[in-house]
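Engineer: I have a structure here, written as structure tokens, and I will follow up with some questions on it.
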Amino acid sequence: MRVKETLNLGKTKFKMRGNLPVKEVERQNVWAENKVYEQRQKLNEGKPSFILHDGPPYANGDIHMGHALNKITKDFIVRYKSMNGFRAPYVPGWDTHGLPIEQKLKQAGYDRKKMTDNEFRELCRKYALEQVDRQRDEFKRLGVAGEWDNPYLTLKPEFEAAQVRVFGAFAKRHLIYRGQKPVFWSWSSESALAEAEVEYHDVTSPSAFYGEHVIDGKGVLDDDTYMVVWTTTPWTIPASEGITIDASFDYVVVQPAGENRKFVLAAELLDENAERFGWEDVQVLKTVKGAELENILCEHPFDNSRHLVTMLGDFVTLDSGTGLVHTAPGYGEDDYRIGKQYDLPIFAPVDDKGFLTAEAGDDFAGVFYDDANKIALDKLKAAGLLLKYMPYEHSYPFDWRTKKPIIFRATPQWFASVGDMRDEILKSMDDVEFFPEWGKKRLYNMIRDRGDWVISRQRVWGVPLPIFYAEDGTAIMDEVTINHVADLFGKYGSNVWFERDAKDLLPDGYTNEHSPNGTFTKETDIMDVWFDSGSSHQGVLAERSYLDYPADLYLEGSDQYRGWFNSSLITSVAVSGHAPYKQVLSQGFTLDNQGRKMSKSLGNTIAPADVIKQMGAEIVRMWVASVDTSSDVRVSMESFKQVADSYKKFRNTVRFMLGNTADFDPKANRVAYEDLASVDQYMETRLNEFVAETKDHYDHYDFLDIYKKLINFLTVDLSNFYLDIAKDIMYIDAEDSHSRRSMQTVFYDVLVALTKLFTPMLPHTTEEIWPFLKEPEEFAQLAEMPAVQNYANSDELMAQWTRFMDLRSNVLKALEEARDAKLIGKSLEAHLDLYVDDDTQAFLDHLNTNVRQMLMVSALDLHALSDAPEDAETFGDTLAIKVGHADGDVCDRCRMVKTDVGSDEAYPMLCARCAAIVRENYPESVTTGLEA
């Protein structure tokens, strides 16, 4: 018989390598076949609900790392809640209308103008559904659990019907109106945009400083005076209707040397502009307050038959420019507001494609707006009005879909009034909890400062605005017509709007005083896609009986403060008077390792599919837990490799414990807590702390803290201590000994707790572990989270072992120094002499543990501190340590150096402890003998 055969060496079929890219797919197929998600939902029937409402990603293209970050985080939460006492169904959704799909069809060669609207819409629908299928497979491959066979889609008839009813709630409160005012206009999309559809990029614009000739100075300014105006959009000068100044600013009338003309500009900006214009010996003729310049008239620089009025506004700054702002009410929100105040015309001579119209003048007609800048500058120069041209770098709005710059343009649009219910919206946020906390202020400020919502779009692929027009042009959107349209959409889908004439979309026998002849027409615009997704609280939460409205949680990227969080809040307050969510959690963007936005053009993208193919979805999931998602997250293959190392640590730790509990039956072999060895009670209590901390972090969505705690628990508590000292008990002591069963009890409890706690994060791996445990549930996902125990005297126990760990740290330091001095090789070769004070001696006695075994040395003697020799190393005033080489020979079984090796003649290579264990448990070895 060989010595090795007498050891309890761990054995398990749980593999060291997970082969995740292959095994994950197999495991997901098993879940699908066994309907594990559905089983979990059935188990949770009757429990309190927790509803995480999915913000719908756009159905176009493969998912990117931002999608993975978001969906996996949601999966953490839903899985945890489902295992922790809540009914937590997850309904994924998709945003399926909008311009990008139209553009994809255009790129594929389809010409919208050569087919009917319904033919084009059908192509859009098919494309959207293809993209949904594509992304659904990719999300499922990440291991995300949910109702993948019953998602919500904004193109489904029941959703469109609910959306129309949301519109009806606005209309009922008289919050829908038709107006002509500047909106974000995308010439590349030929449509108005909402603020949430705009992104900003740094650009260089042509900046012009020019004079506008005073023709009526109201007794304040002479006729030979020029107002110095600044603009970064010279192409808008044909639509200029005035000059805006600030009533409280000081303005100066100056005359530079060699100039016959006088100029007006802000006093505070005189010096920098004089230098800019090359003015010398500037004489200040007069200083006046802005209020004194109100209503002064100037000549339009391109049309002397038009007059420009000087107005007082609150948006003029002294940060740059001249303190006088060129104002075109048809081309800007501030301009529009002050133009309305002064009753100016709203003039925007530019068409849908960005080309100036004949109203802009002969020189500009048919010219693309950006090209018109040069014409405007040339005209200013020819008229002697241009004082300075210079490039100006600033942030400028772009269409987030086409990535092309946009313009402000006054066009007739439908608006939802935000201003009329702003206070109600802001008040509704009082009861909403935000993660991070600053999110509340961010959303509050956005709602406080935003304008009314332009909800009309001049496109085809979307939900039509359910508005009819009477014979005299009166817009009809009463409760009767809107509910009827909603019913039609619910039955036939929104295609019915394009298939039928207006009269066939109205209720039978419908009459309206504004159409005495019974003739009606219908609106051709569709709704903003943010109205689509923003209505999901009605189209999904209120529509499905097993969901709740308001939802417990909305979780999306931080860009959704101006997107989905924003639009959903507005629509919910309009419908119900309250927020659609109880909590809002926002995440940062995924960037490359240099902090740049990922894009195909930069070649810096890392797709989830690439990482999954190489390392597995578990690594992507663990990576999500390992990063601080409250701010922007940098992504690199190196970061995934680092996480893969942590995953390997988790897997190997589990494998070691599985191997050492293979012969453990929790029903037959479990040792009660009060009968556990002291060190095992300590680890059981430490595990209990870990469970409590981890569950608390789950409850507060602190996944990074969970990851950190896991790595610390695996490394510090288990690998560096407990699993290290365990080998002397697990391998050496008799298989059924109390000491071994005591430790196996803790091993098993650690395994079960780790498996349950990390099923939300690493479901593929924990389900691989689960069959090795003797638990009643078929799948880990069907188990409940471990309960936090209330052990007696746990505080005292933890205090004692914390003190022991401090002593152990000093011992490890002394052993390291002894190794460096070549006194010993391995720690097991050491003989320790510990010199302790009376209090430490009493503490060690009370600890009731084998101190030598806990310190992993072959021999240990305790002495009074007063007996410490001079060459002992002191640690504070309670401990001194002397390290020497243990006397005796190495036992072939426990590898300790013992003086009693060979004391049993039958086992000459074993120490007395090992000989006794072998003699009792392997009696045949007495006659056959042992071989090394």
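Note: Cβ is positioned from N, Cα and C throughout, glycine not excepted.
Note that the structure is a prediction, hence the values are computed from the model and not measured.
Copying in the features that Swiss-Prot gives for the protein in this structure:
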- 57-67: motif ''HIGH' region' (MOTIF)
- GLU556: L-isoleucyl-5'-AMP binding site (BINDING)
- 597-601: motif ''KMSKS' region' (MOTIF)
- LYS600: ATP binding site (BINDING)
- CYS891, CYS894, CYS911, CYS914: Zn(2+) binding site (BINDING)
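Map these features onto the structure and tell me what's around them.
Structural biologist: Listed as Cβ neighbours of the motif ''HIGH' region' (57-67) (distance under 8 Å, sequence separation of 6 or more from its ends, same chain) are residues 94-96, 98, 100-101, 104, 128-129, 131-132, 134-135, 138-139, 153, 557, 589-590, 598, 605-609, 635.
The Cβ of GLU556 (L-isoleucyl-5'-AMP binding site) lies under 8 Å from the Cβ of GLY55, ASN70, GLY563, TRP564, PHE565, SER586, GLN587, each on the same chain and at least six residues away in sequence.
Long-range Cβ contacts of the motif ''KMSKS' region' (597-601) within its own chain (Cβ-Cβ under 8 Å, at least 6 residues beyond either end) map to 64-65, 589-591, 635.
Cβ contacts within 10 Å of LYS600 (ATP binding site), excluding its own Cβ and spanning all protein chains shown: 7. In the three-state DSSP assignment, the secondary structure recorded for LYS600 (ATP binding site) is coil.
With a cut-off of 8 Å between CB atoms and residues at least 6 apart in sequence, the same chain places VAL897, LYS898, VAL901, MET909, LEU910, CYS911, CYS914 near CYS891 (Zn(2+) binding site), listed in sequence order.
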Engineer: Within a 10 Å radius of its Cβ, which of these binding-site residues (CYS894, CYS914) has the fewest neighbouring Cβ atoms?
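Structural biologist: Across CYS894, CYS914, these binding-site residues, the one with fewest Cβ atoms within 10 Å is CYS894.
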Engineer: Across the motif ''KMSKS' region' (597-601), what is the average pLDDT of the model, as a whole number?
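Structural biologist: That region's mean pLDDT is 76.
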Engineer: Determine how many residues of the motif ''HIGH' region' (57-67) DSSP places in helix, in strand and in coil.
Structural biologist: 3 helix, 1 strand, 7 coil
Engineer: Compute the C-alpha separation of LYS600 (ATP binding site) from CYS894 (Zn(2+) binding site), stating it in Å without decimals.
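Structural biologist: It is 59 Å, counting Cα to Cα.
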Engineer: When you measure from the Cβ of CYS911 (Zn(2+) binding site), how many other Cβ atoms are you left with inside 10 Å?
Structural biologist: 27
Engineer: Relative to the mean position of the Cβ atoms of CYS891, CYS894, CYS911, CYS914, the recorded Zn(2+) site, which additional same-chain residues have Cβ within 8 Å?
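Structural biologist: After dropping the recorded site residues, what remains is ILE732, ASP892, ARG893, ARG895, MET896, LYS898, VAL901, LEU910, ALA912, ARG913, ALA915.
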Engineer: Could you find out if DSSP has CYS911 (Zn(2+) binding site) as helix, strand or coil?
Structural biologist: coil
Engineer: Going by DSSP, give the three-state secondary structure for GLU556 (L-isoleucyl-5'-AMP binding site).
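Structural biologist: It is in a strand.
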